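Read through the structure below, which is laid out as structure tokens, and then see the notes.
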Amino acid sequence: MGKKQPSMEGHKSGQANDPLSKPAHALPWKEVVNEIACNDEDGLTSGEAKSRLEKHGQNDLGDDGGVQPGKILLRQVANAMTMILIAAMAVSFAIQSWIEGGVVTAIIVLNVSIGFVQEFKAEKTMDSLRSLSSPTATAARDGKTVTVPTIEIVPGDLVELKTGDTVPADIRIIEALNFETDEALLTGESLPVGKDADAVFDEDTGPGDRLNVAYSSSTVTKGRARGVVFATGMYTEIGSIAMSLRQKGSRVREVKRKPDGKAKPHRYAQAWSLTATDAIGHFLGVNVGTPLQKKLARLAILLFGIAVICAIIVLAANDFSNNSEVIIYAVATGLSMIPASLTVVLTITMAAGTKRMVQRHVIVRNLKSLEALGGVTDICSDKTGTLTQGKMVAKKAWIPAKGTYSVGSSDEPHNPTVGDLSLNPKEPRHIDPDNEEKSESYEELMKDNPHLLEYLKVASFANLAHVHQTNEGQWNARGDPTEIAIQVLAARFKWNRLEHTSGDSPAWKQLAEFPFDSDVKKMSVIFEDTAASKKFVFTKGAVERVIYSCTHVFNGESENTVELDDDYREEILANMESLASLGLRVLALASKEYDGPSPSKGEDLDREDIENGLTFRGLVGLYDPPRPETADSVRQCQKAGIEVHMLTGDHPGTARAIAVEVGIVPSNMGVLPKETTDAMVMTASQFDKLSDDEIDALPLLPLVIARCAPNTKVRMIDALHRRKAFTGMTGDGVNDSPSLKRSDVGIGMGTGSDVAKDASDIVLTDDNFASILNAIEEGRRMFDNIQKFILHLLAQNIAQACVLLVGLAFKDESGLSVFPVSPVEVMWIIMITSSLPDMGLGFEIAAPDILTRPPQDLKRGVFTIEVILDMFVYGLWISALCLGSFSLVMYGFGDGYLGENCNDSYNPTCDTVFRARATTFACLTWFSVFLAWQMLDMRRSFFRMQPGSKKYFTQWAIDVWRNKFLFFSIIFAFVTIFPVLYIPVINDTVFRHKGITWEWIVVFVATLLFFLGIESWKWGKRVFFRKRDKKRGVARRGSVDLEQRVFERYLSTAPSDGEDAEKKSAGDGEDAEKKSAT
């Protein structure tokens, strides 16, 4: 916020930035205006507004520290990998080995520089996630109405609000006309809340019941109001929640004390030692960062230990001589165990991953989510706007005396001129949904149709939405989505509210309004037909409430109304259920002629009397269509071993119908036993009645929970966690923050609240379920690629360490070991030869089967048994070939004389050693680059990575050319070996080797043996996994219908305890281990 983050200590809910005598809701509005020093007519002056902005800071939710370059730079230096390199540099300079020391220094600078730049970019990308509650607000300044950026709104500003606005700050309402706000983002209340400017409440009244306050980030759904801002930024209710979510724990461990508050000296020592341990762990990176970063930091410490042991072995093999040759050999052996480029490659891969995510409508807010996404086993998704388009459309209208009207498909939900109209004389419950009705024009349908006319009057007038066409011909709408959809339906028949109520002498005039009330679940208006001087009541609302306010109905069997009895009410409810089963939200419309007194200002009419004795006019069915890509995305998730759950606030019938349509539940739900459907679809009340033990005893958790409350989502996440599931949860409101925090991957919505985004790990910029699948695919791709380059790097480290350790046996006349590869050669291979191909592996595209295999086992992480075995097999095979090549040149074709002082510099006695060393270096370099190509697929042959391809001899060339960064980095590494081998001074002084001639034959033969060994090992793995899959029945999965396979656990006889869930969890874990490296 502005200059500094405010201290929230002592701040009380409902208070102002500068505390008032009481919270604003507990004071009359005039007292609030006086205490906050504001003019209730002219607002603040420009000068006063500027000074208050400087005092209180900007009206936003703060930046929580922002990007801090110093900390980023420190993280690059203060990690185990860099510390090892610094130690090697210090040793090299200490023994005056300037070349080796200079090379290590260059590597450190390169590592830190690239890492800093990439992490700084990644941090800036994440920090750019800014979503202000509303870009502008309408305020009174200097007696004029002006548009002010929301971040410049200050306490004391007089703000005007109208339908569709987002409230810019916490506001004490001064006057309100039919004013309602949607506070679902803050309180979870799904219905709009009516406001009363003159009301005063007790100080301890909860936020949801402060009906004289409009909250920051809530939206105006109806009416207009004027009010004074009393709290901005973090002092608002939404800011308080945001601040509590950002609280950071102290890094100082608390001292354990006795009940009387005293502590013994050893407790202080314990706390200090734990704090010191935490600080060291934080410095080395073993207890900060993502799970993978922590693992790699611990790996670096392990490798450091191994490097020290290797160095000790070298020194011991040379009788702990302090000869510089022996020390530099020890340094070379230690460095051979350090994957120095690992941190840089990991940072670049993750930075590239975040950019790819943005292109696929996903913003990564927390790097740990990149690796976590690959392990997601269950997704709990909201329905409205995520699985569906969030655009209400009126699809059905049932008028008892005429039949059922239908509206055809349209890509423009606000355009009443698009979409066919048709009429079926049957009731909804008797209509065959597969039969198509003939489309008719609205003129034909309106002709001699008084029943439709009366229905449209209710739809148009009992409605506050505005639907209008701009001068450019575009149709716009504002108001509640439900009312917009009904208003568009009326506009299709030329009964748009604006056409009949606007102008100097409107045909219809509104006299009174009874806003929607959550108790009566109805809204009503009184209108006067000015030409006929008749008054009417128009009512809409929940079907089960409206029908009991109705006494008559036109049933079509007679020209006059008939009494609406309980039998007919049951028929209406049956038709409502029929429409709900189509995934429609159903409301009832009713009206009556009103002969009571015209209401005057300030007069309260008896609402119960007004909304009684109505004539039932019909039902309207509203459809929030699933996104076109949702069903395919759900199906793809199921193929990937991910279970999709829908947690929605909708009616169970509507939720079930949408769930069937998108494939979350089986398509044959209608013919399944009741016990099965009840296991799949539950209401929140049913789920919440169960204790945790009862939920754990359920054979399976429900796939759909309707009428869902925020606490229900948290309990669902906890239940999944107890079954060892790894969950992703979507949410957009402040009330979703607990479940977003509790889930393993919190998925926020781009149109949601800032607080929900703060609680999320990733944010979907398009609020689309398909983007979740994109994120999971990217997460799995990154997991695969990280696994590939880690295997590539560590296999080389093992190979180099083995070559140097076994090379201790090669001793010259003075009894000192001669290294087969020099320290600079080792660092060249680690940093130059392999780092670029490793980056190329990080950019590798997703494997074809990436979304057809189970989620990864994140407990084991990248280091699966298969990867560890591969690491040692490849490393030992490479070291065997390199040592064989060195021995062949040295002893097979050479004289076996190891020369004198050949570790330090070149002299004529070292000619054979330098040539053998060059041969070993060439082998290591080529094996390194070719191993990168072998890593494209960890099981398939390099020559047959696409099993379905008919290009038997050229497919490998297509595969290596596909990833051009990897291709050119390998070519670069392949080519750069020649100047290193043949340029004088560089070859013999820096690298300690000489150019070779006939020795290339040895290199070529060794390379052929390298491919033969790798291909043989892969073939053995394929045989093993084929047999294991056949034994487990995995091979038969492809022949089973997807729907049958996904829902077979629900469709089969449910066991009496939770064993099935445990089996599922265990089975997924085994499959994940099997596939995680594929």
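Backbone N, Cα and C define each Cβ position, glycine as well.
Record features, source TrEMBL:
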- 1-24: region 'Disordered' (REGION)
- 23-97: domain 'Cation-transporting P-type ATPase N-terminal' (DOMAIN)
- 77-95: transmembrane segment (TRANSMEM)
- 101-120: transmembrane segment (TRANSMEM)
- 299-320: transmembrane segment (TRANSMEM)
- 326-351: transmembrane segment (TRANSMEM)
- 405-439: region 'Disordered' (REGION)
- 426-439: compositional bias 'Basic and acidic residues' (COMPBIAS)
- 867-894: transmembrane segment (TRANSMEM)
- 914-936: transmembrane segment (TRANSMEM)
- 965-986: transmembrane segment (TRANSMEM)
- 998-1017: transmembrane segment (TRANSMEM)
- 1051-1078: region 'Disordered' (REGION)
- 1061-1078: compositional bias 'Basic and acidic residues' (COMPBIAS)
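Looking at 299-320, 867-894, 914-936, 965-986, 998-1017, the range that has the most CB pairs within less than 8 A of the transmembrane segment (326-351) turns out to be 299-320. No contact links the transmembrane segment (867-894) to the transmembrane segment (299-320), because fewer than 3 Cβ pairs that are 6 or more residues apart lie under 8 A. Below 8 angstroms of C-beta separation, residues 788-789, 791-792, 795-796, 799-800, 803, 819-822, 825, 829, 833-834, 837-838, 840-841, 844, 874, 878, 881-883, 885-886, 889-890, 894, 902, 906, 942, 945, 959-960, 963, 966, 970, 973-974, 977, 981, 987-988, 991-996, 999-1000, 1002-1003, 1006-1007, 1010-1011, 1014, 1018 of the same chain, each at least six residues beyond the ends of the transmembrane segment (914-936), sit close to that stretch.
Residues 396, 398, 400, 403-404, 406, 408, 420, 571, 574-575, 577-579, 582, 619, 621 of the same chain lie 6+ residues outside the compositional bias 'Basic and acidic residues' (426-439) yet bring a C-beta within less than 8 angstroms of a C-beta in it.
Across the residues of the domain 'Cation-transporting P-type ATPase N-terminal' (23-97), the predicted structure has a mean pLDDT of 80.
Counting residue by residue with DSSP, the compositional bias 'Basic and acidic residues' (426-439) contains 3 helix, 1 strand, 10 coil.
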